[in-house]
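Trainee: Below are the features I grabbed from Swiss-Prot:
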- 67, 139, 205, 280: Mn(2+) binding site (BINDING)
- 20: S-diacylglycerol cysteine (LIPID)
- 20: N-palmitoyl cysteine (LIPID)
- 1-19: signal peptide (SIGNAL)
């Protein structure tokens, strides 16, 4: 009986050791953190900080709308297996069809334990006429200062889950935020030199509020957010009437939306569409705008050029 008791203790000890080993994700164990990001922008910021220390899966494909998405079986599997999940929050993946809320519930994941909003700490801007939870404008990353907040939040959670690589994450965070900060300062100087009467960024979706606040360029749009009606005759008429009262030289259309409504606005106002710009997604790998940094630099350059015409 005593021998049986000893064997039982040894067995339980082995199980405990195995459990501890399997739960530890660091360089010494040879196991990488399994990390999921909801879209390509968050995934790219994560990659810049974590490098090859993690296995990373991005849910919403490049070029697709993250407001309303239907997760694939692979997304469900990766989310269930993930050690760490990063999502934007502030009404992006949890608005519309609330696809992310359903995904993490099905995966039995817990907020602020398994999944984290990278927008934590951002000064939230709300949709026009709204000021309540669920009515936030989610496009905070279009202000580079917020992009730096995202990066810091991501690094914080990576370090918490994988402390053995703390110095690696901190060094990458420092280098990355310095790079973003330099671009941010250059952009503010660039937009200061554009005449006030030309300062109006016109897009299909009203997603440039954070950009407008950061760089002093007011914005106008056809529809406010991609979860509502998009490009109705009434929406187009309202924008056309507004633009006829301005001297704005150029229009812009986002890479992830149907460009036909903006083409109608352009025809009705004789204002050309200057460029396609990025909002909800980076570009395909190898193309201009295929990272958060390069998409923001591209946007800033093209918008400044278009408004200087």
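Keep in mind that glycine also has a Cβ here, set from the backbone N, Cα and C atoms.
As the structure is a computational prediction, the values presented were derived from the model and not from experiment.
I would like each feature placed in context: is it buried or exposed, what are its neighbours, and how far apart are things?
Mentor: According to its DSSP assignment, residue 67 (Mn(2+) binding site) is coil.
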Trainee: Counting every protein chain present, what is the number of Cβ atoms, excluding its own, within 10 Å of the Cβ of residue 67 (Mn(2+) binding site)?
Mentor: 23
